[in-house]
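Colleague: According to Swiss-Prot, the protein carries these features:
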- R159: active site (ACT_SITE)
- S229: active site, proton donor (ACT_SITE)
- E325: active site (ACT_SITE)
- Y190: substrate binding site (BINDING)
- 13-183: domain 'FAD-binding PCMH-type' (DOMAIN)
Amino acid sequence: MNHSLKPWNTFGIDHNAQHIVCAEDEQQLLNAWQHATAEGQPVLILGEGSNVLFLEDYRGTVIINRIKGIEIHDEPDAWYLHVGAGENWHRLVKYTLQEGMPGLENLALIPGCVGSSPIQNIGAYGVELQRVCAYVDCVELATGKQVRLTAKECRFGYRDSIFKHEYQDRFAIVAVGLRLPKEWQPVLTYGDLTRLDPTTVTPQQVFDAVCHMRTTKLPDPKVNGNAGSFFKNPVVSAETAKALLSQFPTAPNYPQADGSVKLAAGWLIDQCQLKGMQMGGVAVHRQQALVLINEDNAKSEDVVQLAHHVRQKVGEKFNVWLEPEVRFIGASGEVSAVETIS
């Protein structure tokens, strides 16, 4: 139990695992999984560990997915990319722009690997992965059988996909297929992007604006450990939103296609005067209340305690109950984050 997980999670929480294996191809990943399973150990597959909170020591094998490679197919209507799951997401965004293939610029600086992007259906500034995802290639761990899921089969939702449900433990993502249409359409619906002129804006300007917003608001995990947005933006019924807006007319709200309304969790937390609040070694970030940061050798108990406090305060004031976006990992695998902080 002496393999530290601290370098493998951006929160910088210091727990150990029994074994840590880096897999650079599909066969190495399968071998590591099958070896650990034969020994009766639980197995966790990680990308860059940018969306996990280890609650305790992990009693099994952690496999770090480092399957690399980018292939491009140039078709008349779009560029098709086949990207290894272990590629860094932001480096991919930069690469596509440099190569004149826009479409990912709103998703700049999202931490983590390409293989993690469909699990969460990552999104930012009005764009989600499902907008550009063509397929996801997986391998069935027990058999080594390769499976390709179309974007529709991935059942993408808000920070959700089939990879959090039926496909969670039996399959590993080895590559993601992206489709970037040649008729580029800027998405300028959020934040500072609304100030850009849709008739003249370039993909590089959108990329630069997104990077500026993220770097000014969000802490660098290399300086202060964090897992990005700790809570999901809550999606509530139209009735709940109407009641809340009658009391708090300035609350940011984003009506969804299905009639529900997305609220800004950061705003709700901020209204409870929780920015900068600290418990043990963890604190609510002073610029972006949605982020919890490791100020000083935080322990996982500190994070759970502070997350519970934030959830209670927001729930009491707004009757809206926040759910973590971060995945909570116990001794033998993922546990319910909501139950842990309730």
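Keep in mind that glycine also has a Cβ here, set from the backbone N, Cα and C atoms.
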Colleague: Same-chain residues six or more away whose CB lies under 8 A from the CB of the residue listed as 'substrate binding site'?
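Modeller: In sequence order, the residues whose Cβ lies under 8 Å from that of the residue listed as 'substrate binding site' (at least 6 apart) are Y125, G126.
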Colleague: Please list, in sequence order, the residues in the chain of S229 (active site, proton donor) that are at least six apart in sequence and whose C-beta is under 8 Å away from its C-beta.
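Modeller: Result: A265, L290, V291, E325.
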Colleague: Restricting attention to the domain 'FAD-binding PCMH-type' (13-183), give the mean pLDDT.
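Modeller: Over the domain 'FAD-binding PCMH-type' (13-183), the predicted model scores a mean pLDDT of 96.
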Colleague: Do any residues at least six apart in sequence from R159 (active site), in the same chain, have a Cβ closer than 8 Å to its Cβ, and if so which, in order?
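Modeller: Sequence-distant Cβ neighbours: Q120, N121, G123, K232, E325.
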Colleague: Please report the DSSP secondary structure of the residue listed as 'substrate binding site', reduced to three states.
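Modeller: In three-state terms, the residue listed as 'substrate binding site' counts as coil.
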Colleague: Three-state secondary structure of E325 (active site) from DSSP?
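Modeller: Assignment for E325 (active site) reads coil.
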Colleague: What is the number of other Cβ atoms found within 10 Å of the Cβ of E325 (active site)?
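Modeller: Result for E325 (active site): 19 neighbouring Cβ atoms inside 10 Å.
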